[in-house]
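Database features, via Swiss-Prot:
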SIGNAL    1-22  signal peptide
BINDING   81, 133, 177, 193, 194, 252, 344, 404, 405, 547  pyrroloquinoline quinone binding site
BINDING   195, 272, 317  Ca(2+) binding site
ACT_SITE  317  active site, proton acceptor
DOMAIN    600-678  domain 'Cytochrome c'
BINDING   613, 616, 617, 655  heme c binding site
């Protein structure tokens, strides 16, 4: 007897993979996640970017039973900064070099991968590692920005490229590391590169066709040319001199965005000036709009509704690109639609997101560059001499910031914001008339001098901050900075990975340590959570990296700071186990010889190293472990130093040629500095030995 057709069709549907039946992601689906926590469809989970999940199967009472459900080894040796997305049983995430993978969330099986084949030498003009912070979903497509400035749409089922747009001028040192967002059918993407002399902008592309819809420049260009949009005419009045457009200006939109569908406002954060030192890029002062600002933009047209400048006339790399979070807070007995940000400069800002008016701003950590933010003017009250015009200064925070890109989260239940706080001093020196723009790290702020910051004064913490009272609720200290982002849940939990290689769960209300997992790799990314077949999971990309690990220094050489790249997925009663890590290779210590060159030659090498080499090989020649430590380079490497640096002998391995920027005598000075540092450190170790 044949089965009724109706029954046969039902069985066919049940047997069909969910991905094949999946409804496309749209605005309604993303907005629905505000109440339903099963899926994670956008970078910060919802348009508000709260990184809070209403899921509570895993809670403070049972999180001790959390275990590894499965893991996936990744062919990745650089930093993993992405927050995975989850839709209809599939995890979508990105790795270094802008590669994308889709993974079956139940089994951990790879479904497809896409490699945009970014040239490895592109890392030379990417300030902060070959990282990527994630992808976007819309309709039946996955979107990724690439390190070389492309925006690519992929088929969500197959990973095949559908369209690709070069969003930047490939002849200029732009890069993309941030995750795209999709708003009203438009893919929003920014870029980075201010340290190398670019002009910032944010663009919107049609999600279906890839056609450019609009572009908003964050700083003015050549005043002899027409302004691209009227906002730039007003911005130009806040710049001085006749060089700023030649130096790039900066203001890149390299990370944070949020969207309010009811107000129909897209919020984006802008970055630092190019170069950092205002005295060089805009002699005579000025606020330099729209650097270090929060912009509210109409997503249909790209028109500016309002702006708030976090750090006027920035001279310290105090970006406003840190996470923007939207919420409703009860302030003075009234509900307010607010925007919250804890940017690099160390003040926690609460703004009225309808008009950009400042509600409150207080220090959330050690801040010496400014006394306070004047609520009447919305401007910081700067400390004397903080702009280092006359003499070098040491101040807090540093260019790493009191909070960097590592995601914070807001829990509406506790009313607290969970911030990956870091305390690192900055050293700044005015290079002034001696500054020369080169194809290198152009700060004009004495970047090489930051090598003198000792590890003993560096620390980090998980900070629970009350945005209404503007004070800390609790704090968990860590031995160093550059810890991962946070996730908070309705289960009264906060999850965070650390630089030292642990994944933690704390109670969201009190900060009590409830659970810990040894991840075998430093973690910089933020966790996410999803539900599949009635079971809640927590996932994180574990892979040590990012700018702090490249610039290195003593504080980036703690135990656990390794890169063993994996996608880790946890659930209650998970039974999977990581294999034991391979033992570290034995180090053979060389007995170096003292450098007999003139001190001025070594000092010149130090300045050149700071500008050209430190961003990859580590400040003070102390590598963070991802890129070779030049103090330990072999005799053969030293012998062929000129060929490597100028002729590109190691270009296939990602070491670019600097023949367009350095002279042979300068390369020799760099080598002398490296050798002198090797000798200094060797003598210091043996002098300290018992």
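Keep in mind that glycine also has a Cβ here, set from the backbone N, Cα and C atoms.
Each residue in 612, 614, 615, 627, 628, 630 lies on the same chain as 613, 616, 617, 655 and has a C-beta within 8 Å of the C-beta centroid of that heme c site, without being one of the site residues. With helix defined as DSSP H, G or I and strand as E or B, the domain 'Cytochrome c' (600-678) counts 53 helix, 0 strand, 26 coil. For the binding-site residues listed here (194, 613, 616, 655), the lowest count of other CB atoms within 10 A around the CB belongs to 655.
Of all the binding-site residues in the record (81, 177, 194, 195, 405), the one with the smallest CA separation from residue 616 (heme c binding site) is 195. Within 10 Å of the C-beta of residue 195 (Ca(2+) binding site) there are 28 other C-beta atoms, taking all protein chains into account. In this view, the densest Cβ surroundings among the binding-site residues 344, 617 belong to 344, judged by other Cβ atoms lying within 10 Å. Looking only at the binding-site residues 177, 272, the densest Cβ neighbourhood within 10 Å occurs at 177. Apart from the site residues 195, 272, 317, the chain places the Cβ of 127, 194, 250, 271, 273, 274, 275, 276, 319, 399, 443 no farther than 8 Å from the centroid of the site's Cβ atoms, the recorded Ca(2+) location. For the heme c site, whose binding residues are given in the record as 613, 616, 617, 655, the maximum C-alpha distance rounds to 11 Å.
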